[in-house]
Amino acid sequence: MRIDRLTSKLQLALSDSQSLAVGLDHPAIEPAHLMQALLEQQGGSIKPLLLQVGFDINSLRKELSAELDRLPKIQNPTGDVNMSQDLARLLNQADRLAQQKGDQFISSELVLLAAMDENSKLGKLLLGQGVSKKALENAINNLRGEGAVNDPNIEESRQALDKYTVDLTKRAEEGKLDPVIGRDDEIRRTIQVLQRRTKNNPVLIGEPGVGKTAIAEGLAQRIINGEVPDGLRGKRLLSLDMGALIAGAKYRGEFEERLKSLLNELSKQEGQIILFIDELHTMVGAGKGEGSMDAGNMLKPALARGELHCVGATTLNEYRQYIEKDAALERRFQKVLVDEPSEEDTIAILRGLKERYEVHHKVAITDGAIIAAAKLSHRYITDRQLPDKAIDLIDEAASRIRMEIDSKPEVLDRLERRLIQLKVEAQALKKEKDEAAIKRLEKLQEEIVRLEKEYADLEEIWTSEKAEVTGSAQIQQKIEQSRQELEAARRRGDLNRMAELQYGIIPDLERSLQMVDQHGKPENQLLRSKVTEEEIAEVVSKWTGIPVSKMLEGEREKLLRMETLLHNRVIGQEEAVVAVSNAVRRSRAGLSDPNRPSGSFMFLGPTGVGKTELCKALAEFLFDTEEAMVRIDMSEFMEKHSVARLIGAPPGYVGYEEGGYLTEAVRRKPYSVILLDEVEKAHSDVFNILLQVLEDGRLTDSHGRTVDFRNTVIVMTSNLGSAQIQELVGDREAQRAAVMDAVSTHFRPEFVNRIDEVVIFEPLARDQIAGITDIQLGRLRKRLAERELTMVLSPEALDKLIAVGYDPVYGARPLKRAIQRWIENPLAQLILSGGFEPGSSITGKVVDDEIVFG
C-alpha cells in the first residue's frame, strides 16, 4: 500500500505514531500507537467522532496506555521502527473500505472503522466501550456527506463550523453571555428581516460602542429561551471567527478553500444556522491576492440564493467606506440602524449588568454609581458612545476598589515603612555610647512600641474587613450560579427544581448577604467595599483631567477665597478678578450652562495692566502651573487662510494629518484656560469659527471630529479702546460706553453678543505699582535664594524704583525694565566679579540718585 494514498492528516498521525513507538522503545508501530496518535491529533476528526457516538475518551486513553505498556521493549533502539503486521493489515482493510466507497485517498475515519474488528486486540478494546460498529458507520456517513474523498487535505476542511465559528446559542445556554437589557426594537427588526424569504440578511449599523454585538447576543438568548417566531426556533447562531479563518493560510487558495468548506457545511445545514459576522467590512478584500477573489465576492452567490443566513455588524464609517462601494454586496443586506441609547436606557442596561460585574470584581456596586456613570460619561466623555463608556467607568471603578482590597491599605503601608526606618535608626544608635544617643534610643524604642501596637490594631481591623468583603463576594457568586441554574431549569421545564431555587435557595442566599452587609462596621473603615458616585467621579477625573470628583474641604475654602489668591499675583482690577472667580465657582458647583464654555471673557484695557497676567494666575490657581494654559497669539492669524491652523488643514492640503492647533490642544486637555491674546489683530474670518465655540461649546475640526469646549475658560485680550480708558479715568459709565462703542465698531454684533462678560481693566495707579514692585522683587529674591543670597532694599530705593517704573500709559511693563536696569544689571556684575559669597545678604540703598549695593 502506497503512503501517498493516505490523506495528509493520516500521514501526520502515522508519523506521530512512529515517534511514539521510538519514545517508548517498542520494536514496531502497532495499531494502538496509531489510535493514540489519532486521538491526540490537533484539529483531527477522530476525537469529535468518538465523542459523537458516545465513547468515554478518558477511559479509552487509559486502556490504550495500558495496552502500550504491555508491549515488549527493546534495549539500545536505533530509532528505525517499521509497521507491524497488525498495522499493515489494518491499513489494507481501510484501503478496501476506501475503494468500496469510491475514494481516491484513505481517510482517518476509515482506519477507525476498519479497527472495529472483533478479531483484533484494538477492535476488542474499542468494542468494549459499548458502541456498535453500525452506530460508528452512521456517524461517519453523516461526517462525510455524499461526496467521495478525492482530496488529500479534505480532513482539514471538515468541521469547518467548529473550527472557524463560535456557537453563541451554546454560550447563551451555558450562561456565559451578559444579559441584554432593552434593545427590543432593534432585536425585533433583526428577527423581522431574518424571517424574509429572500435577502433575509440584516446588517447592524451604528457607532462603535452602542451595542451591535450585544444585539446578536440578545438574539441568541431569545432563541434559547424560545422567545422567537416558529421560523427561528431551534436554530443556532454562530459567530464567524475571521482570525481563525485567515490564520495559517500560507498558500494561495488555502483561505478560499477554508471559506468554501465553511459555506458548503452551512448549505448542508439547510437554514438551521444563522451566521453572525462581526466587523462585516473585514470580509471585503479579505484574502484578496493578485487576480483572486475576496471573501465578499465569495459570499454574494450564497447570500443571493438564501443558502447563507447571515447577520452582519459594522460601524457607519466602515459601512460607507467598504460595503456601500460594492453595490452588489450592499443590496444583499438589509440595514438595521442601532442608535446610541439615552441616559435612562443606559441606566437600565447598567442595572442589568450590575450583578455580573459585582461577581467578577467581588465588590458591591451602588445604584448611585450606576446613575453617576451614565450621567458623567454622557457629559464629560464626548468622543465615545453610551452604553460602552458608562460600562467602562463601572468596570474600572470596581477594578480600582478590588485592587485596594487585595493590596495593603495606604495607612498600614506608611506605618510599616516608618517602623522599618525607626528600627534601622535604633540599630545604628545601639553602637553609640554617649548620653545623647542613649536618650534618643530610649525615645525611639518607645515610639517603635507605640507604632507596633497601632499597626497591629489596624492590621486586625483590615483582616476582619477583608474577610467580610470576601464572604459577601462568595455569597453573591452562589446567587449568580443559582440564577443561571434557575434559567436552565425553566428551559427544561423542571418545575420542582425551579420552585426549590426560586422559593428556597435564592431567598436564603439573599438573606445571608443582607445579614453580612448589615454586620459590616461603619467606623474604622480601612477598605472601601462599594463602588459609589465618588469612585465613578474619580475615574472620570483620571480619564479627562476634569475635576468632577467631590470637592475636599480644602478645595472649597480655596474656591471661596479665590479673589484673594488671584490678587497675590494681580494687583487691582477688582471687576476682572471677581468675574473670573464667579465663572470658576459656577463651573465647580455644577451650575454653569452644560452646553457652553465655563466662562468666556473679553479683557479690554491699556497695555501692561495685567490682562495676560490674570490668565496666567487663573491657570496657576486651577492647575498649580501657569503652563497649563493654551495660549494662542492672534497676531499670527492676520491672513484669511490662517484660520486653517486653528482647526486643521482641509483634506488634500499639506498638514491635514496633523490636526488643528486649537482643536488638538483642547482634545488632549478638555479642562483648560484658553487665552486668545491680542484678539483684535486677527483676521475677521477667524471670529466666525469662534461663534459656535462661544455659543454651543463645540467645534468641528478638519477630520470631522467634534471637540468639546464646555469645560474650558476662554479669555480674549485686546487693546481696543485703551485711549478712551486713559482719557476717561474715574468715570466708569462713560469709560464703558466709549470702549463698547470701539468694540462694536471692530467686532460683529453676533460675536460680541456671545461673550459672557466684557471686562474693562483700569489704568494702574501709583500705589498699585508699589504692590507689583513687591511681586517682581519677590521673584528676583527667589532666583537669588537659589544662589544662597538674600536681598534687602531700603524704603528710598523702593520709592526710586516706583518713581522710575510708573507710567500711566504703559502700565507695569516700564517697572520690569526699571528693575532690570537699576537692580539686576548691577547685581549681575557684582556676583560675577565675586563680590558676594554664598550666604551673603545684599543691601540696596540710594546714594547720589543711584541705587548702590553693598
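Just so you know, glycine gets a Cβ as well, placed from its N, Cα and C.
From a predicted model like this one, the values you see are computed outputs, not experimental measurements.
Annotation comment: Swiss-Prot describes G206, E207, P208, G209, V210, G211, K212, T213 as ATP 1 binding site, evidence class similarity to another entry. According to Swiss-Prot, the feature ATP 2 binding site maps to G605, P606, T607, G608, V609, G610, K611, T612, an assignment based on similarity to another entry. Swiss-Prot lists 391-523 with the feature coiled coil, giving similarity to another entry as the kind of evidence. Residues or ranges marked as domain 'Clp R' in Swiss-Prot (evidence: sequence analysis): 3-146. Per Swiss-Prot, region 'Repeat 1' is recorded for 6-71, and the stated evidence type is sequence analysis. Look at Swiss-Prot and you will find 83-146 tagged as region 'Repeat 2'. Under the heading region 'NBD1', Swiss-Prot lists 159-340, citing similarity to another entry as support. The feature region 'Linker' is assigned by Swiss-Prot to 341-545, with similarity to another entry given as support. Residues annotated as region 'NBD2' in Swiss-Prot: 555-763. The region 'C-terminal' feature in Swiss-Prot is assigned to 764-854; the stated evidence is similarity to another entry.
Neighbour density for P606 (ATP 2 binding site): within 10 A of its CB lie 20 other CB atoms from the protein chains shown. Cα spacing between G610 (ATP 2 binding site) and E207 (ATP 1 binding site): 47 Å, rounded to the nearest whole number. Comparing V210 (ATP 1 binding site) with V609 (ATP 2 binding site), their Cα atoms are 51 Å apart once rounded. Neighbour counts of Cβ atoms within 10 Å were compared across the binding-site residues T213, T612; the minimum falls on T213. Residue with the densest Cβ environment among the binding-site residues G605, G608: G605, by other Cβ atoms within 10 Å. Counting only residues at least six positions away in the same chain, the Cβ atoms of V180, R183, V338, P341, I349, P387, D388 sit under 8 Å from the Cβ of G211 (ATP 1 binding site).
When Cβ neighbours within 10 Å are tallied across all protein chains shown, the highest count among the binding-site residues P208, G209, G610 belongs to G610. Cβ neighbour density within 10 Å is lowest for K212 among the binding-site residues K212, K611.
Take the Cα of K212 (ATP 1 binding site) and measure to each of the binding-site residues G605, G608, V609, K611: the nearest one is K611. Counting only same-chain residues six or more apart in sequence, the Cβ atoms lying under 8 angstroms from the Cβ of T607 (ATP 2 binding site) belong to N719, S722, Y810, G811, R813.
Across the coiled coil (391-523), the prediction's mean pLDDT works out to 78. Around E207 (ATP 1 binding site), the same-chain residues at least 6 positions away in sequence with a Cβ under 8 Å from its Cβ are T315, L316, E340, Q385. Between the listed binding-site residues, namely V210, V609, the fewest other CB atoms within 10 angstroms of a CB are found at V210. The ATP 1 site, placed at the center of the C-beta atoms of G206, E207, P208, G209, V210, G211, K212, T213, has further neighbours from the same chain whose C-beta lies within 8 angstroms: T315, V338, E340, Q385, D388. If you draw a 10 Å sphere around the CB of G206 (ATP 1 binding site), it holds 21 other CB atoms from the protein chains shown. Under the DSSP three-state reduction, K212 (ATP 1 binding site) is assigned to helix. Ranked by Cα separation from V609 (ATP 2 binding site), the binding-site residues G206, P208, T213 are led by P208. On a Cα basis, P208 (ATP 1 binding site) lies 44 Å away from K611 (ATP 2 binding site).
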